[in-house]
Amino acid sequence: MWICCSRKTPQSVRRCRYSSHRHHHHHHHHHHHHLHHHLVLPDMFTACVLLFLRALTEKIVSVLPKMKCPHRLEPHQIQGLDFIHIFPVIQWLVKRAIETREEMGDQVRAFSIAEFQKTHKLPEDDEFLQRKDKAVRAIINVQEVYQPQRKYRRQKEAEELLDEESRVHSTLLEYGRRQAFSKASRTAEEGKAPLTPGSQAAPSGMAEVSEEEHLQVAEEMRIKTLMTNMAAMASEEGRLMASAVGQIVGLQSQEIKQMVSEYAEKQSELSSEERQERFGPLQQHRRAVASLNKQIQTKVKQLEQLQAEHAEVKANCDKAKQQLMEAAERSGQLEQELESLQEQEEQADSRLLEKLKALVTMNENLKQQEQEFRTHCREEMVRLQQNIEELKSASGQDLEEEKRNQIDAQYNSDREKLQKIRLLMARRNREIAILQRKIDEVPSRAELTQYQKRFVELYSQVSATHKETKQFFTLYNTLDDKKVYLEKEVNLLNSIHDNFQQAMSSSAAREQFLRQMEQIVEGIKQNRIKMERKKQENKMRRDQLNDEYLELLDKQRLYFKTVKDFKEECRRNEMLLSKLRAKGAS
């Protein structure tokens, strides 16, 4: 099959549209460079902003379907700030961003932890390594302390044991293990609980008890027979080693007393163990376990006490730190409020500030007058009470009643005056609070300047990023189109090369080959004609848009010139009015 004529895919069509738009934009910039000496800075800024917003909205609208957004959005809705249609899209984008962050969060977190652990260590890891070394040393020491120790040695002149079980039992007896080892006794021990000298087993029958007693007697006789051929290890039995004595001397006095008491208990246990029967090693093991449990409980109590003290000290320390941080934070807040009040006082309107100061002064004066009036009322009340007492002693009951009525009337009138003064002071306080809120709501000139500066920086960053992205798009589309045409050319040449020998083998095949070549050439010419026609259409559209742009620039220039003339006329009008007022005043 011969290669068909090339077809444009939807993506390539979109790229061509974008490329034509970029060519138009480049042509527009070319004309703009020719006309820049006729324009002022506001014209350039406004044109750049309009072009940037138009391109940005088109990009947003074209990208949303690729992201599979369920909501439709048009460029005029973005430029017109249509909240009803913009809000669902923004809500969906935020939800999509949160879902993507959750999907990638675990992977990014695991990678970050792995990279961190390659070069750094946490304090918990160092503490674990230190505790690991201590724990390993402690385990090794415990293994050395509790390793088997040989107490007896079988004599050389004793007869050789032929039974393997007897040899194993003899070896265990050399290391102090005196429990029964025969198969019969082991089977009997699996079916019942171990016995102590003071305990009794619950028998199931007289036959079982008698059988167990016979087995015990036989086993004890066997142990005695084996022990007759044993010799005690004199060098290690019944005395302390020099290193143990040095360790005991190095301990404190209380620990020495504890070691002495433990040694006495062990001696009594050893002396009682020599007289015990078959189950003596088991009781020895139980006593050792009980002693170790007591020591563990003592250490655990000490540890709990130290932990409680540590927790209490830590809580006090945290509380003190928190109080210190709160005090520092309050101090910082007060300093910030003081600075903000000073800035507001410097930036506020002088007339409004003077009015506010006058109201505050009036408020203070009213408070002082109220205090003085109260003091005066108290003094007057004391004086009137003294007069009442004097009148009571001097005059009769009728005169006293009349004076009391006068005093009550005076008191009521003074009380009404005080109430009116309080109402006036409350009204003044409300006016002061309203003015303070109005002053706080007005943004300062420094804040407005900072906002404007930040907006300009953001616009510069967005413009640079947009320009760089457009360059990347142009380069990519150019290289992609070049790659597509080269691939088609290579495929066409390969197809011609593969079928050339077959086509030249006969005249019919040659004619068919030539017809197909003519069809391919005709298809290429048709594509070229279409592209040329499309190119001419794009050029015509570019020229038309350029003419419209120049007309708009002329209108904009005329608008700015009219505004400038209007401002100049307003200024002249104000000057004439001021001169006229001055003449009228003179």
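Cβ coordinates are placed from backbone N, Cα and C, and glycine is handled just like the others.
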| query | region 'Disordered' per TrEMBL sits at which of 150-182, 183-215, 315-347? | reply | 183-215
| Using DSSP, what's the helix, strand and coil tally for the domain 'CCDC93 N-terminal' (55-98)? | 33 helix, 0 strand, 11 coil
| remark: Averaging the pLDDT values of the domain 'CCDC93 coiled-coil' (145-579) gives 78
